[in-house]
């Protein structure tokens, strides 16, 4: 429940970085945002989104221990380890976000119109008139550490979980375990699939409209589907 409560907090913070401003724009028709506010929004969006992604892998580790090593679970998952599993995503996500934000301040832009409903990192890079090779490289490197690595860890953790569940003698117990893990995996694939599709696909394969549709899924839909 400690990890779940932190996931809930992250989901609330994550959606709060974009939805209130988007609703204000829709209601008032005022779609302007200052440069400083744009950078702040981008910083917190990357921070909360990255921390959310890394924390999901920590929760997969917790689930692996609970199912595959139930007798040692309380010993391994001490209060200190739980605190570290929560603190590490926050620290890493803040560092990644800080790097992207600092590099973004060094760019000049060809236009002040952002074709998105918030200050998205990739969208801002595309609007720049400066050399963005370093920014683009760091999106892949740092983004990979915050998105691809946790995703691979989550998928890998489900292999021993599936084996352990398959050995459950009770058909009813086996079905309950598979249904619980299956619903979690659906949310995981929905979240990481849309994020990977937006940030790690070649820009020629998708448009601004598809990016926005995918962004709505991982910023609004999956946080609501996460267990509270």
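The chain as shown is numbered from 1 upward.
Quick reminder: no glycine exception, Cβ is built from N, Cα and C everywhere.
TrEMBL: automatically predicted annotations, no manual curation.
From a predicted model like this one, the values you see are computed outputs, not experimental measurements.
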As TrEMBL has it, transmembrane segment corresponds, among 82-103, 104-125, to residues 82-103
Of the ranges 177-200, 201-224, the one TrEMBL annotates as transmembrane segment is 177-200
Sequence-distant residues near the transmembrane segment (82-103) by C-beta distance (under 8 Å, 6 or more away from its ends) are 2-3, 6, 39, 42-44, 46-55, 58, 61-62, 121, 134-135, 138-139, 142, 145-146
Long-range Cβ contacts under 8 Å made by the transmembrane segment (137-165), restricted to residues 6 or more beyond its ends, are 50, 53-54, 56-57, 60-61, 63-64, 67-68, 92-93, 96, 99-100, 103, 121-122, 125, 174, 177-178, 181, 185, 188, 192, 195-196, 199-200
When pLDDT is averaged across the domain 'G-protein coupled receptors family 1 profile' (1-228), the result is 85
